[in-house]
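For reference, the structure is listed below as structure tokens.
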Amino acid sequence: MGSGAAIPQWTSEPCIMGIDEAGRGPVLGPMVYGCLYCARSYEKTLSSLNFADSKTLKEEKREELFENLKADESIGWAVDIIDPRELSAKMLKKNKINLNEISHDSAIGLITKVLNMGVLLTEVYVDTVGDAEKYRTKLSERFPAVKFVVAKKADSLYPVVSGASIVAKVTRDRALRDWVLEETAEDLHKDFGSGYPGDPNTKAWLQHHKHLVFGFPTLVRFSWGTCTPYFKDIVEVS
């Protein structure tokens, strides 16, 4: 059940939710937060669906599991896709918003969205960002009726978070695969590798796609420190 579907009957039972992200580290593309939720009574069945931390699965397996969970009427899911331009703008503006805050806001937004749909959320499992206990306290103060479990490696500990991790990762992979470069310069291509700063293909792509006046295409998170060395010979604007 996607976020736009009619609300099923099981959502009036006590429900659990998992939240995870994909694309926190790369210098390219969006960061995606995903959530998966179901009735607590469905938790045992969820454990048998072979969800695992998406980083441990091959792309074909992730795609297959995502299609399975989309077809499962006992599961709900939603995503928040945070555009690279939004990430850069928030991190570079006068009153800077760091990546942890952006991540927290995204998770809070997903919880709010699902609660506003009328889902009876009683427990939420979250892969931590920053100090786990501080994050748990922040969430509990915001949503006092919900029990929160915030843990490192939650995506490998709790199947409901593993499912959320698959939702987030497949959504990001598809967003990158389908990304249309808005820029009109010649020789633009999408052979950018993994998008992680250490990837030689990503480095080569950044070098090839920098513009001495306009910087990088909008696919790039230009607030990332990775981008700074490429601006050594950029035109100065006065």
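Residue 1 is the first one shown; counting continues down the chain.
Keep in mind that glycine also has a Cβ here, set from the backbone N, Cα and C atoms.
Marked as domain 'RNase H type-2' by TrEMBL: 14-236. Among the features that TrEMBL reports, divalent metal cation binding site is placed at D20, E21, D127.
Taken as a whole, the domain 'RNase H type-2' (14-236) shows an average pLDDT of 91 in this prediction. Sequence-distant contacts of D127 (divalent metal cation binding site), defined by Cβ-Cβ distance under 8 angstroms and a gap of at least six in the same chain, are I19, D20, E21, A151, K152, K153, A154, D155, V161, S165. Summarising the environment of E21 (divalent metal cation binding site), the number of other Cβ atoms within 10 Å of its Cβ, over all protein chains shown, is 23. Within 8 Å of the centroid defined by the CB atoms of D20, E21, D127, the record's divalent metal cation site, lie the Cβ atoms of I19, A22, Y33, G34, V126, V129, A154, D155, V161, A164, S165, A168, excluding the listed residues themselves.
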